[in-house]
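Student: Dropping a structure here in structure tokens format, bear with me for questions.
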Amino acid sequence: MKFLPAKLERKFRRLKKHSRSSLTRKLDVMHESARKKVIEENCDAYKNQKHSEYECRKRPTKFPGGTRETFLSEGSFHQAVGRVLLVAEFFAMMPVKGVTAKHPGDLSFSWRNVRTCFCLVFIASSLANFGLSLFKVLNNPISFNSVKPIIFRGSVLLVLIVALRLAQQWPTLMMYWHEVEQGLPQYPSQVGKGQMGHTIRMVMLVGMMLSFAEHLLSMISAIHYARYCNSTSDPIKNYFLRTNDEIFYVTSYSTALALWGKFQNVYSTFIWNYMDMFVMIVSIGLAAKFRQLNNDLRNFKGMHMAPSYWSERRIQYRNICVLCDKMDDAISLITMVSFSNNLYFICVQLLRSLNTMPSVAHAVYFYFSLIFLIGRTLAVSLYSASVHDESRLTLRYLRCVPKDSWCPEVKRFSEEVINDEVALSGMKFFHLTRKLVLSVAGTIVTYELVLIQFHEDNDLWDCNQSYYS
């Protein structure tokens, strides 16, 4: 009765209240008391859970195989990614000190560190190798296939520089990540704590094994190629002349330069594969944080919860979104290089698949490399898209909030989930969602149809042009 004065409106409501029967008033009171009781029980359950989590962190219980502090440190992204970064440091990437420490506060970066010096030396070496490849390509007829060494070595050099810049930011990023993790609902079991770390280790292990197998098959195929194009009587010299032809295009053969070229090739191959796995690992970590929040929302799905519960969960969701934005700003260039690289090399490999394979070893290496490249690109797309999928999954639980528990905090929470675009990106040019997989596939098909029209069948064992440099 908005049109009545305040005093008349109060009298009207009082009259309306007394006009109801005593039975109706009793039923209303019983319904209201039952509703409040259910809300209080759910809120008490939530408070008991938070209290048990707090007591669990304080209780000095001993666990087999280590102290309680060791047990509680599991489940953090810093601990899960420590050994992965340690392997990267061996290959002149991410020169951060303290990656295997228990707490991210022990991370540090220094220009005087041995790791950083090794990284700078390898960047200078990669720059020299890139210059030699560029000189060789520019002094020969340029084609879609001949620029492959420039794309490969240029991408490796760019990733090395970006990784060095990321290493400077890594201690700050991990400290913020740790603060976000501390504010999230705790894992209910040890299995849940170790799931993210197990997934990251398996991705790294499988990726490195397949990368090693691909490089081994490449060496076997190159040995067959060197035996066919034997310019000298020394088979080892023939191998290095064919696989490092950009070096010996401007200088005479020497064992030191041959070993340097092989060392450069092995490290560049690892870095080329590692940039895809690094994007996958960061995506796994971010998706795990959203999943950790969603699991808590699922436990209270459909229950009557207090507004403070939804306010707390909304703040936690917002913190993960900010973390996702920070990580995207730090690795977006690596993501851009990764997807553009994979797109180019898939087109090159599909175009070369139209040629006749000269040997069984060459065919095995070629098709293994093609399948591995396509699978790796698909894995990067799906793992990266899982961040967006998990962020949108929160809306499913918000839609199950009972009508009596709907409050402004739930409405604000749901509006943030609906309107925000939470996903990793390639320098903001594209966002990594499931729709991107179809877009990339369509782009590859389009480019391939255009390239096939200008394709000419080439001999893959053309001794005048090496396909292994």
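Cβ atoms are placed via backbone N, Cα and C, with glycine included.
Per TrEMBL, the feature transmembrane segment maps to 117-138, 150-167, 203-226, 270-288, 330-351, 363-383, 436-454.
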Student: Does the chain bring the transmembrane segment (363-383) near the transmembrane segment (270-288), so that three or more CB pairs sit under 8 Å (pairs 6 or more apart in sequence)?
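Tutor: Yes, the stretches contact each other.
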Student: Residue list, the transmembrane segment (203-226) vs rest of chain: Cβ under 8 Å, 6 or more residues beyond ends.
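Tutor: For the transmembrane segment (203-226), the far contacts come to 83-84, 87, 235, 238-239, 241-243, 266, 269-270, 273, 276-277, 280-281, 284, 359, 361-362, 364-366, 368-369, 372, 376, 379, 383, 461, 466-468.
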Student: Given pairs 6 or more apart, does the transmembrane segment (150-167) have at least three Cβ pairs under 8 Å with the transmembrane segment (330-351)?
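Tutor: Yes, the transmembrane segment (150-167) contacts the transmembrane segment (330-351).
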Student: Does the transmembrane segment (270-288) reach the transmembrane segment (330-351) with at least 3 CB pairs under 8 A, where each pair is 6 or more residues apart?
Tutor: yes
Student: Other than its close neighbours in sequence, what residues sit by the transmembrane segment (436-454), given a CB gap under 8 Å and a spacing of at least six beyond its ends?
Tutor: 144, 339, 343, 346-347, 350-351, 354, 377-378, 381-382, 385, 430
Student: I need to check the long-range neighbours of the transmembrane segment (330-351): which residues 6 or more away from its ends have a CB within less than 8 Å of a CB in the stretch?
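Tutor: Answer is 144-145, 148, 151, 155, 158-159, 162-163, 166, 169, 173, 272, 275-276, 278-279, 282, 366, 369-370, 373-374, 376-377, 380, 384, 424-430, 432, 440, 443-444, 447-448, 451-452, 455.
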